[in-house]
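Participant: Got a structure here, written out as structure tokens. Questions coming.
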Amino acid sequence: MSGSVSRDAEALKSADSSTRRSGGRITFPFMIVTLFGLTLATLGWLQNLIVYLIEEYNMKSIAAAKILNIFSGFTFMFPAIGAIAADSFFGTIPVILVSSFISLVGVVLLALTTLFDSLRPQACETASKLCQAPTNIQLGVLYTAITLGCVGAGGLRFTLATAGANQYEKTKDQGSFFNWFFFTWYLAASISATAIVYAEENISWSFGFGLCVAANLLGLIVFISGKKFYKHDKPLGSPFTSLLRVIFAAIRKRKAVVSTNEKDYHSESKKTPTKSFRFFNRAALKQDDEVNSDGTIHNQWRLCSVQQVEDFKAVIRIIPLVLAILFLSTPIAMQLGLTVLQGLVMDRRLGPHFKIPAGSLQVITLLSTCLFIIVNDRFLYPFYQKLTGKFPTPIQRVGIGHVFNILSMAVTAIVEAKRLKIVQKGHFLGSSSVADMSVLWLFPPLVIVGIGEAFHFPGNVALCYQEFPESMRSTATSITSVLIGICFYTSTALIDLIQKTTAWLPDDINHGRVDNVYWILVIGGVLNLGYFLVCSWFYKYRNLENADHEQDANVSH
């Protein structure tokens, strides 16, 4: 898989990234162990948060699912802030160090809520109407802990990938690190969703969260231990600044006449701006006293280069395609929470002595994604290339991901309809509200959504790296992450809307129609796929001339 990410890894490389000779392979174990520990710590509590809120804070199931979506969205959106802070002000190493410490404080505070009874409401039977609600102080401590944990995790997630790749000079070595980065992330995610979640539910919450504290502390100590070996990159300024300059400069010159003469534009390559979005060509239009005698720009907020204008146009062109990610990931975000709720009211026994934790169900998706990323890179894509002579484009891969996503929601709807029929017939396990239906029925849709993610997530990241301006490639991954984060908020808003307009999502889903919710997602997915196909039909690749040489630039996640 090393060759499949070479171009994307090179996008992470920063020119003149070090003021001294350092970095190299000696930094590899420090970076990887840091990633493993911090990922294990964060996902160890985040993946089982719904169950913790229901069992220990007496929250209703739907409310707990919405809280998970809110904080998961925050975790995905914060990497953009971390990336901007690293690029513009501090560099990657300090941002990772501070983020790791913030994450540790959050996890420690969360662990304290399991040790002190005063930080939790009085325990009662789950789903009882007499349960005591948490006080404002208890919620304040809880939300502070979760927020700190999310800020820390978000600040280091993709910044650590950039810092790790910047330790190497050769593109091949950077590609190798990038592969190990994503492999380690998925490995840690799988372990946290199984071992740590199992410890939380079968030993104690304090023991499980204690493991998260230990993992975070290990990651922080290892990262500090390797600090003297790291290559420290220089802050190069925010890549978004030049985009804002184009807007301001074009508005200031809105009355100027657009010229077709290349001499009227500020360009180092002696070219004129393209005809599309001609209004913004004014930003590169030279006027009196805007260029100094040495060729430099007097005021960068009044005059931009042609390249800056074209970079801005590239962002505008790709926005419609990228927006399709919003509804592509929204059903996945909803499925993430609803699947846990479904698992809680299904037979999770696997043999006489083992019970699958509801919070561990998502590991099926993680493992499915891991497996099919390898299948795609090693078998499917090369086979397609032999048949057609071309490698699948990022847009084609994203389109396939759309189809699998829709299929997963449809299968989940069918499974839930079957479960509700069993509930209506009164087939429960003993006197509980758990339907006499194995949770293994949820495995097929979770596998299918994982297959879809193996197509669309790497495809979206590859599309951003290829088509976003070169100055933005180091933060392209965080942009994708922000959109996924927004999806968690849109999923929460959609749940609110469904609750207000229907009776499909009561706190006890045995009396609801979660299957109808999934069918709504299927309809929305089909409409979104149609929108995506229309956008892709009109879209022209910015770097099409290099496609034949870089078709194997498939980002693995």
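Note: Cβ is positioned from N, Cα and C throughout, glycine not excepted.
These came from Swiss-Prot, pasted as-is:
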TRANSMEM  26-46  transmembrane segment
TRANSMEM  67-87  transmembrane segment
TRANSMEM  89-109  transmembrane segment
TRANSMEM  136-156  transmembrane segment
TRANSMEM  177-197  transmembrane segment
TRANSMEM  203-223  transmembrane segment
TRANSMEM  318-338  transmembrane segment
TRANSMEM  356-376  transmembrane segment
TRANSMEM  398-418  transmembrane segment
TRANSMEM  439-459  transmembrane segment
TRANSMEM  478-498  transmembrane segment
TRANSMEM  518-538  transmembrane segment
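Walk me through where these features lie, including what they touch and how far apart they are.
Facilitator: Residues 42, 46, 49-50, 53, 59, 94-95, 99, 146-147, 150-151, 153-159, 162, 233, 235-240, 333-334, 336-337, 474-475, 477-479, 481-482, 484-489, 491-492, 495 of the same chain lie 6 or more positions beyond the ends of the transmembrane segment (67-87) yet place their CB under 8 Å from a CB of it.
Here the transmembrane segment (89-109) has long-range neighbours at 34, 38, 41-42, 45, 82, 141, 144-156, 159-160, 162-163, 166, 209, 212-213, 216-217, 219-220, 223-224, 227, 230, 232-235, meaning same-chain residues at least 6 beyond its ends whose C-beta is under 8 angstroms from one of its own.
If you look at the transmembrane segment (136-156), the same-chain residues 6 or more away from its ends with a CB under 8 A from one of its CBs are 38, 42, 45-46, 49, 57, 71, 74-79, 81-82, 85, 95-96, 98-107, 109-110, 112-113, 119-121.
Tertiary neighbourhood of the transmembrane segment (398-418): same-chain residues 324, 328, 331-332, 335, 339, 342, 437, 441-442, 444-446, 448-449, 451-457, 459-460, 463, 514-516, 518-519, 521-522, 525-526, 528-529, 532-533, 536, selected by CB-CB distance under 8 Å and a gap of 6+ residues from either end.
For the transmembrane segment (518-538), the residues of the chain that approach it from at least six positions outside its boundaries are 320-321, 324, 327-328, 330-331, 334-335, 395, 398-399, 402-403, 405-406, 409-410, 412-413, 416, 498, judged by C-beta separation under 8 angstroms.
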Participant: Residue list, the transmembrane segment (356-376) vs rest of chain: Cβ under 8 Å, 6 or more residues beyond ends.
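Facilitator: Counting only partners 6 or more residues beyond its ends, the transmembrane segment (356-376) has Cβ contacts under 8 Å with 1, 47-48, 50-51, 183, 186, 189-190, 193-194, 197-198, 200-202, 336, 339-341, 343-344, 348-350, 439, 442-443, 446-451, 453-455, 457-458, 554, 556-557.
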Participant: Residue list, the transmembrane segment (318-338) vs rest of chain: Cβ under 8 Å, 6 or more residues beyond ends.
Facilitator: 50, 65-66, 68-69, 72-73, 362, 395, 398, 401-402, 405, 408-409, 412, 445, 449, 453, 456, 460, 463-464, 467-468, 479-480, 483-484, 486-488, 490-491, 494-495, 514, 517-518, 521, 524-525, 527-528, 531-532, 535-536, 539
Participant: Quick test of the contact rule: Cβ under 8 Å, at least six residues beyond the ends. What residues does that give for the transmembrane segment (203-223)?
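Facilitator: For the transmembrane segment (203-223), the nonlocal Cβ contacts are 30-31, 33-38, 40-42, 44-45, 48, 52, 56, 96-97, 100-101, 103-104, 107-108, 110-111, 114-115, 196-197.
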